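S.K.: First the structure, then my questions, so here it is.
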Amino acid sequence: MKEVTEISSYDATNLVFYVNGKRVEEKDVDPKMTLAAYLRDVLKLTGTKIGCNEGGCGACTVMISHIEDGQIRHFSANSCLMPICGVFGKAVTTVEGIGSVAKNRLHPVQERLAKAHGSQCGFCTPGFVMAMYALLRNNPNPTISDINLGLQGNLCRCTGYRPILEAFYSFAVDETGTLKVSEENGCGMGENCCKVKKQNGTTNGTCGSNEVTPGYTGGERKRKIQLSDLSGCKPYDPTQELIFPPELKLHGYESMSFAYNHHHTKWYQPVSYNDLLCLKRELPHARLMSGNSELAIELKFRFIDLPAVINPRQVKELHERHLDGHGVYMGTGMSLTDMDNYSVQLMKELPKEQTGVLKHVHEILHWFAGIHVRNVASVAGNIATASPISDLNPIWMASNAEVILDSDARGEKRVHIDEKFFLGYRKTVIQPDEIIKAVVVPLTHGNEHFAAYKQAQRREDDIAIVTGAFLVKLDPEGLIVENIRISYGGMAPTTILAMKAMEKLKGQKWSQEFLNQALALLSEELKLPAGVPGGMSQYRLSLALSFFFKFFLEVSKKLNLTEIEHVDADVKIGQDVPETLYATQLYQEVNANQPAHDPLGRPIKHVSGDKHTTGEAVYVDDINVADCQHIAFVLSPIAHGTLNSIDYTAALEVDGVIGYLDASDVTTGAKMGHHNDTPVFVKDKITFHGQPIAAIVATDHEIARKAASLVKLDYSVEKPIVTIKQALAAESFIFKHLVIHSSLNDNEQVVKTDWSKYERVVEGEIDMGGQEHFYLETQQCVVIPHEDDELEIIISNQCVNDVQIEVAKCLGMAQHKIQTKVKRIGGGFGGKESTGSILAVPASLAAKKYGKPMKIKFERFDDMAITGTRHPFTLQYKLAVDENGKFIDLDYTAMSNCGHTLDLSMGVMQRAMVHADNVYKFANADITGKMCKTNLASNTAFRGFGGPQGMFGTEIMVKHAAEKFGWNHDEIREKNFYEEGDCTPFGMHLNQCNVKRTWDECRENSDYDRRLEKVNTFNQNNKFRKRGIYLTPTRFGIGFGLKQLNQAGALVLVYTDGSVLVSHGGMEMGQGLHTKILQIAARCLEIPIEKVHIHDTSTDKVPNASATAASVGSDMNGLAISSADDAPKHFNVSLLGNSSNKMGIFSSKAIGEPPLFLGSCAFFAIREAVRAYRIQNKNRDYFVFHSPATPERIRMACEDFVTSHVPSLPEEGTYTPWTASV
């Protein structure tokens, strides 16, 4: 008999697979290593990016090909989750394998994405390319919905997705199979192209016609809608792709058993079902691994031991699927995608009344993770891990589905997934030696009704807050409930059946009274304590009740029970995913007489666009330095306390560990930050959770991380201050209060206001929460020591000058010995403006101490813990208005949560204060800023830099006044708009004041008034679905608050062959700055753009540069180029038609930050929809609606008969909340 645990008994004991057509054979690789890590660290294929390391962003997407049932099958997968041994006998294709700039060969996917301007920072781009590529390999003629589904697991933080979709929709076919983009129509919008619409009599037939472009107000430069013409791109030809490796097919690798032994981990991949059972008998505690979506997270963050792994995916018996007497049999070797496809197949083949459960399995699977996860994940893992917020387990429980469990010792048995299946949190009845062979999904029968629902923070690719599934069988004559099953996820430590409610509801008549009784029973049975793990106790209960109410109405409507209240109401959750893209963006056309070689104003694609799509664009972690060592931080597990001692013993025993750094390695008194208030490492006082205490130096990243987790800390805990409210109570401030008094514009002393004289006063308070930057590339840094005590620092940062200064200061070095540079970064949004020293200083200390190059890169979790967010604000206001709605007086206080040190909080607060007036004239204004010191990571710059927070409070105030006094909020705005020459509270006179003109054009061109009427009509006709529409004005100040920062330098080198090398102080983070600088230099030198090159941003080329921030990167650095060339300045910039910007460079529009607050329109529109629902329910009072508008806040503001069943929270201070708004 074969000894199944003996490695040598398997067909293959070396790991064999192919990457981009090249054979790879491994004899010594850790099975716990992921495919992404192997591609990047071993094969040096750095085009595959790592963004989240959790399968949530898609930056690591690759295509995997294998033989299944004799056919070659391709699928996309998250390589950050895929274990390296999981690709045994398979072929992996990465972005490098399909095209290359260096080889002058772009794949059609790459070509079209670059040409459509589909990349900005470019970090997500390889993942998008591979997602689309995998789709085309399976389906060369996809529909738009196929493309939407194929990109479901990919995130982009820069583009807003429109250009990506435009590029990829060009591969789509319509319902007749006709390509949407052809030589006659090169627009990615397909039938929505303006040229196509011309044929219906709306334009002149030119793609991008300017004749009917809304908002065009004259001037030399006309406007067009379409920027890219894709008709000239080469068509996709599937015959030109890499072939599947003949060796894998010829030698039948798909039917080979495979085992692998590496130090502490053994990998078993049997092909025999009996061998699988024997393995579980001999190794009952071995982990079964399929999609690895759960286990990968445990390995990454808990550093669990993994002595044995069993991968059952090659066992054919686990891929069986058929109908049997119990329902639909689906083997657990099927991926979730396979399960979904089989469900859809049966929905087409079986009578509709039998497919009730299958229909909702299909619908829920669409929202289950992303397509790249579903392609590899198994339903067995979802059941066995027993997550209490599982999307599918409530369906199995409500439908009374079965699992088939099998073991070598006891044989096969069927077990219902019922109230006895889940024993506790993450525990089931499954025995250690058992496998889940299959799940059997029941078919529905006559008089049975089934539905399932899910609510998450966002609709796609997100874990559930609450899931619910319901089955009811009704006697068709008397409508008596013969059977009812109600299951929930997210309402207990396990998926549950509402047994008490089910028992009492069985035998009752389906009626209005039945609904009332059910809601009362469920609210009692499902009640959650206020401090429940996961938080949101009231919201979760309201969701559970709302799901049942929705199910009740859907069943009643199906049965045509007209006596049921609201039976005809539309209760659909959300809207369907749009089949296609409907969007308009206006572009300015160059003047007809502009020289052909002059690139300014032309739609030049991103200078790195092609390299983004091929993975050849280099980021910090892509740089491989010889003999480089790696650093990982030891982080504080508490928010406030005193560090007593550090024990490195266990960490230093780990193979590959070199040493450590802590506060003893830092020069006494040396601190980071503009205000010298941030410790490099904790010496004694711990001031926030996640604060760096020490650092481990090791030979690779994972060894350093694991060793850091073994460092033992001894500390005493003190009560932290984390919220603005707590800081105010403790009078914990980081700096003195700041004030603006408009009365000082005309007086020597502040004029005190007597508020008692005003008849109309509105007073309130609103919170605006923080925001994580979530740049796709985490913070990273490489430090290389050189001769003469020099340091070369390569860092993902927006301000190389600050990094240079901080390292010099903390290490006691001269700045001229430190070269800091950056090629590009994978997104910043302000989060990489002032935080670079957190990495660069320790890495530089380590490089000095050990004399070796050092690399430090943050995991996503660490990045979010160590670095701060957008500043949360509480905004208090008191406004006096006259009988005509004119603003008389304002008392405004902005309070920010700064975190534990000052960082950039003063600048953020100052900008919030000078934006508190937004676009409105106040006869008098007193504005105060309070900066709260808390035990959080220092909150920092974020796009808008305080401006959005200041304007948000004001817009809330205007809305409050309008609702309180019964005025139209649009009219009240217009009455108080600034006019030309008006003076702001801080003494700035407004010239070229285009507030009213911009507002009027937006209102007219957006067809706002007609659309508002349509919204109101919709709301009147819909009981449970509401809409909102809103106009929000914005006035934003461009530039740095500190005048001395509004400077830049450039170095222009002209070579004898006529080529030009430009260096400037700005850096590239996706905004296309280098592209714009190339255009400016080419215009000023009057040479073709091809003759101009930019290498990187470096302190040894342009010293003392300001951060690339404040929306002035193009203007400051462009003007520096212009000055360096001694060329004439020509400023004729079109923002509005016939409205020039005399402070900008050529066509610069400073659009980085000013438009950000316009996104608050969505917030206010949501509030309008909520308000419509409240008014419908006789609740007309003004209501406080804090930002962000989370699903929880939206639902709980919609007070109705469902929320009346939700008990109030206990008095604040009597319980510990799970989360707190800071």
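These residue numbers are counts, starting from 1, taken along the chain as shown.
Cβ atoms are placed via backbone N, Cα and C, with glycine included.
The [2Fe-2S] cluster 1 binding site feature in TrEMBL is assigned to CYS52, CYS57, CYS60, CYS80. Annotated [2Fe-2S] cluster 2 binding site per TrEMBL: CYS121, CYS124, CYS156, CYS158, in sequence order. Taken from TrEMBL, the feature FAD binding site applies to 288-295, PHE368, 378-382, ASP391, LYS454. Residues or ranges marked as Mo-molybdopterin binding site by TrEMBL: GLN798, PHE829, ARG943, ALA1110. The annotation substrate binding site is assigned in TrEMBL to GLU833, ARG911, PHE945. Taken from TrEMBL, the feature domain '2Fe-2S ferredoxin-type' applies to 13-98. According to TrEMBL, the feature domain 'FAD-binding PCMH-type' maps to 260-446.
Please situate the listed features within the shown structure.
M.R.: Neighbour list (CYS60 ([2Fe-2S] cluster 1 binding site), Cβ cut-off 8 Å, at least 6 residues apart, same chain): ALA36, THR48, LYS49, ILE50, GLY51, ASN78, SER79, CYS80, GLY127.
Note on CYS121 ([2Fe-2S] cluster 2 binding site): other Cβ atoms within 10 Å of its Cβ, all shown chains, come to 29.
Counting every protein chain shown, 26 other Cβ atoms lie within 10 Å of the Cβ of PHE829 (Mo-molybdopterin binding site).
Proximity of GLU833 (substrate binding site) to non-local residues of its own chain (separation of 6 or more, Cβ distance below 8 Å) is seen for ASN797, GLN798, CYS799, ASP802, LEU904, THR940, ALA941, ALA1107, ALA1109, given in sequence order.
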S.K.: Just to verify a number: CA distance, GLY381 (FAD binding site) to CYS156 ([2Fe-2S] cluster 2 binding site), in angstrom, no decimals.
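M.R.: Distance (Cα to Cα, whole Å): 29 Å.
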S.K.: Can you tell me how far the Cα of PHE368 (FAD binding site) sits from the Cα of CYS57 ([2Fe-2S] cluster 1 binding site), in Å?
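M.R.: The Cα atom of PHE368 (FAD binding site) is 14 Å away from the Cα atom of CYS57 ([2Fe-2S] cluster 1 binding site).
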S.K.: Just give me the nearest neighbour of LEU288 (FAD binding site) among the binding-site residues CYS52, CYS124, PHE945, Cα to Cα.
M.R.: CYS52
S.K.: Other than GLN798, PHE829, ARG943, ALA1110, which residues of the chain come within 8 Å of the Mo-molybdopterin site, judged by Cβ distance to the Cβ centroid of those residues?
M.R.: GLY828, GLY830, GLY831, GLU833, ALA941, PHE942, PHE945, MET1069, ALA1107, THR1108, ALA1109, GLY1152, GLU1153
S.K.: Relative to the mean position of the Cβ atoms of CYS52, CYS57, CYS60, CYS80, the recorded [2Fe-2S] cluster 1 site, which additional same-chain residues have Cβ within 8 Å?
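M.R.: Once CYS52, CYS57, CYS60, CYS80 are set aside, the remaining close residues are ALA36, LYS49, ILE50, GLY51, ASN53, GLU54, GLY55, GLY56, GLY58, ALA59, ASN78, GLY127.
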S.K.: On the 0 to 100 pLDDT scale, where does the domain 'FAD-binding PCMH-type' (260-446) sit on average?
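M.R.: Summing pLDDT over the domain 'FAD-binding PCMH-type' (260-446) and dividing by its length gives 95.
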S.K.: Measuring Cα to Cα, tell me the gap between CYS121 ([2Fe-2S] cluster 2 binding site) and ARG911 (substrate binding site) in whole angstrom.
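M.R.: Just about 26 Å between their Cα atoms.
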S.K.: Return the residue, from the listed binding-site residues ARG911, ARG943, with the maximum count of other C-beta atoms within 10 angstroms of its C-beta.
M.R.: ARG911
S.K.: Taking the centroid of the Cβ atoms of CYS121, CYS124, CYS156, CYS158 as the [2Fe-2S] cluster 2 site, which other residues of that chain lie with their Cβ within 8 Å of it, listed in sequence order?
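M.R.: Apart from the listed residues, the neighbours are SER119, GLN120, GLY122, PHE123, THR125, LEU155, ARG157, THR159, LEU776, GLY826, GLY827, GLY1070.
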S.K.: Using all protein chains in view, find how many other C-beta atoms are within 10 Å of the C-beta of SER290 (FAD binding site).
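M.R.: Around the Cβ of SER290 (FAD binding site), 26 other Cβ atoms lie within 10 Å.
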S.K.: Among CYS158, ALA1110, all listed as binding-site residues, which has the most CB atoms within 10 Å of its CB?
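M.R.: Result for the most crowded candidate: ALA1110.
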S.K.: Rank the binding-site residues CYS52, CYS80, VAL379 by how many other Cβ atoms lie within 10 Å of each Cβ and give me the one with the fewest.
M.R.: CYS52
S.K.: Which Cβ among the binding-site residues (GLU294, ASP391) has the fewest C-beta neighbours inside 10 Å?
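M.R.: Per-residue Cβ counts within 10 Å for the binding-site residues GLU294, ASP391 bottom out at GLU294.
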